[in-house]
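Chemist: Mind looking over this structure? Questions follow.
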Amino acid sequence: MFSLNGSTFTNNSLCGVSRCLTQSSRRVSAPMVVAAVNSNSKPGDRNVMANALTENALTESPAPVELETKSTITGGVGDVYGEDSATEDQSITPWVLSVASGYSLLRNPHYNKGLAFTERERDSHYLRGLLPPGVVNHDIQVKKMMNSIRQYDVPLQRYMAMMDLQEMNERLFYKLLIENVEELLPIVYTPTVGEACQKYGSIFRRPQGLFISLKEKGKIHEVLKNWPEKKIQVIVVTDGERILGLGDLGCQGMGIPVGKLSLYTALGGIRPSACLPVTIDVGTNNENLLNDEFYIGLRRRRATGQEYAELLDEFMYAVKQNYGEKVLIQFEDFANHNAFDLLAKYGTSHLVFNDDIQGTASVVLAGLMAALNLVGGTLAEHTFLFLGAGEAGTGIAELIALEMSKQTGIPLEETRKKIWMVDSKGLIVKSRMEMLQHFKRPWAHDHEPVRELVNAVKSIKPTVLIGSSGAGRTFTKEVVQAMATFNEKPIIFALSNPTSQSECTAEEAYTWSEGQAIFASGSPFAPVEYNGKVYASGQANNAYIFPGFGLGLIISGAIRVHDDMLLAASEALAEQVSQENFEKGLIYPPFSNIRKISAHIAAKVAAKAYELGLATRLPEPKDLVAYAESCMYSPAYRSYR
């Protein structure tokens, strides 16, 4: 047995080749193995390494096998390895030549620089003739790609162009995204990623993460080892059951982990090689997908109960076994009935984070804390009404109640009474307690039943209205006008994604409230002009929080997530809203500063980890903001010699 670049080749794999060479009339040696050349190798090293490894392969291989070549391929070359005669029952082992120079280098997204390879690099890495003679720097490449992407009118086409670029030139992709984040964020993530997931089977070109299905049950540990990167720091995992507000998209939900991790790198500075997107495929209950000839997942109804729990349990412990105690596992777009249970089950044994429950809560709390600068008062002096009592709504409500309790010293049970919720059956009240799911029960207060949202608004008279229902256009004109009658500046958050599912648009909020509303949404909206004044709405996008939050966990070596870390992240984000932003009616800072914002959030989260005794990277750095910035990945090109 011998090892090349971390991959192990045994006699079994060589026998996999020889098994297909069944009939013999002449003798050939076992396949020659060519190793990958390190990008720091000198030009002449390639042949030396190949010769040495060939010699080792011949020495350690089985005895030569007899082979009759019955068929030939184009050009009359003998079918030495049996490709022409291979069948499903009699397979071959494909040997891949992986050399970090020449043609292969141009196909390697981690190292490819395209026309930015210098004259010296073209000589030393066998690139002469493989590229046009012009040398183009990184900045010109960015300008050219943005010009190209802007030629597409359809957002999904832009999304596909960005994904192609990520697979072709990783550093150019991230530089492009970082320098044009406000323009490209809606393309690589919400709202366009929702359409991409819906059509994922049709646009699927190449895998970008690990697909772990029920077929892999019992061998997930080995499946994780198939991923080429070994030092993983962040995993984003989904089972595709509740993708944004679009429902069960099954295996096609992979677009969400891929998109989230792109933002972890671009906005939070986590190295791309340290990120692993995972989709757990347990089937789908979406009949359209099950009948779609292009669907790429398991064609069966969703697994539930013990079958589901065992697969997730195996995955969670295989991750810990492969990558250690400090790998961050982010749950994404799981349905309510699983999301809360998974967070509670693994929160004490793993470093886990649910962005839909905790990330959304943190970013919304930050927006509310910033909005107090415009409306006055403290959180405890406001009354909150939610439309939607799922994982997002109840997660936001709990974090608001925690912050109020922290600020006032009032018990959590009391601060919860300032928060009311409406679900599909109306206002959540104590008379419904027996029929409520466990995560809704803390929000059942004494009140007569109310069926319609507008009547709940008129009865409760909230100062803050938050939509997390996943149901579009539910903040009607009557609802918004009611909010404006008893609030000088009503705070209205329409958080559901994608844009089609938003509870109301920015234009509706400003127009129906006659310009009084302080509005934020989950998906982006263009500025609105009303009565001669331009209103720029904020976007309560989780991308403000989770990249910096994850970076803070990593730089501190945190082993668990604590609620106080989420509060620290909210406070850090709220601090980044400037007076200039407030004058424009904004309650979130511009995304153009997101890397600095993420570093600030990371520092506050890391500081809280050290304070709580949950950090393992000791000693604590003196300047955590500077330390966070120094740890962030830069997409600048490296010089290859």
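Each Cβ is built from the backbone N, Cα and C atoms, and glycine gets one as well.
Feature list, courtesy of TrEMBL:
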- 166-347: domain 'Malic enzyme N-terminal' (DOMAIN)
- TYR189: active site, proton donor (ACT_SITE)
- ARG242, ASN497, ASN541: (S)-malate binding site (BINDING)
- LYS260: active site, proton acceptor (ACT_SITE)
- GLU332, ASP333, ASP356: divalent metal cation binding site (BINDING)
- 357-610: domain 'Malic enzyme NAD-binding' (DOMAIN)
Chemist: At the level of the C-alpha atoms, what whole-angstrom distance separates ASP356 (divalent metal cation binding site) and the residue listed as 'active site, proton acceptor'?
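Modeler: Spelling it out, the Cα of ASP356 (divalent metal cation binding site) and the Cα of the residue listed as 'active site, proton acceptor' are 12 Å apart.
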Chemist: At the Cα level, what's the spacing in Å between ARG242 ((S)-malate binding site) and the residue listed as 'active site, proton donor', rounded?
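Modeler: Answer for this pair: 16 Å between alpha carbons.
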Chemist: Can you tell which of GLU332, ASP333, ASP356 has the least company, meaning the fewest other C-beta atoms within 10 angstroms of its C-beta, among these binding-site residues?
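Modeler: Taking GLU332, ASP333, ASP356 as the binding-site residues, the minimal 10 Å Cβ count falls on ASP356.
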Chemist: Checking your reading of the structure: which of the recorded positions TYR189, LYS260, ASN497, ASN541 lie inside a 10 Å Cα sphere centred on GLU332 (divalent metal cation binding site)?
Modeler: LYS260
Chemist: Distance between ASN497 ((S)-malate binding site) and TYR189 (active site, proton donor) at the Cα atoms, whole Å?
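Modeler: ASN497 ((S)-malate binding site) to TYR189 (active site, proton donor), Cα-Cα distance: 11 Å.
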Chemist: Need this for a regression test: recorded positions TYR189, ASP333, ASN541, filtered to those with Cα within 10 Å of LYS260 (active site, proton acceptor). What's left?
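Modeler: Near LYS260 (active site, proton acceptor) by Cα: TYR189.
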Chemist: Using a 10 Å cut-off on CB atoms, tell me which of the binding-site residues ASN497, ASN541 is the least crowded.
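Modeler: Taking ASN497, ASN541 as the binding-site residues, the minimal 10 Å Cβ count falls on ASN497.
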Chemist: Report, in whole Å, the straight Cα-to-Cα distance of ASN541 ((S)-malate binding site) from ASP333 (divalent metal cation binding site).
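Modeler: With the alpha carbons as reference points, the distance is 15 Å.
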Chemist: Could you state the CA-to-CA distance between ASN541 ((S)-malate binding site) and TYR189 (active site, proton donor) to the nearest Å?
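Modeler: Answer for this pair: 10 Å between alpha carbons.
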Chemist: Residues near the divalent metal cation site, GLU332, ASP333, ASP356 excluded, by Cβ within 8 Å of the Cβ center?
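Modeler: My list of surrounding residues reads THR238, ARG242, ILE243, ILE256, PHE331, PHE334, ALA339, ASN354, ASP355.
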Chemist: Looking only at ARG242, LYS260, which of these recorded positions has the biggest number of Cβ atoms within 10 Å around its Cβ?
Modeler: LYS260
Chemist: Neighbour count, 10 Å Cβ-Cβ cut-off, for TYR189 (active site, proton donor): what number do you get?
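Modeler: That number is 24.
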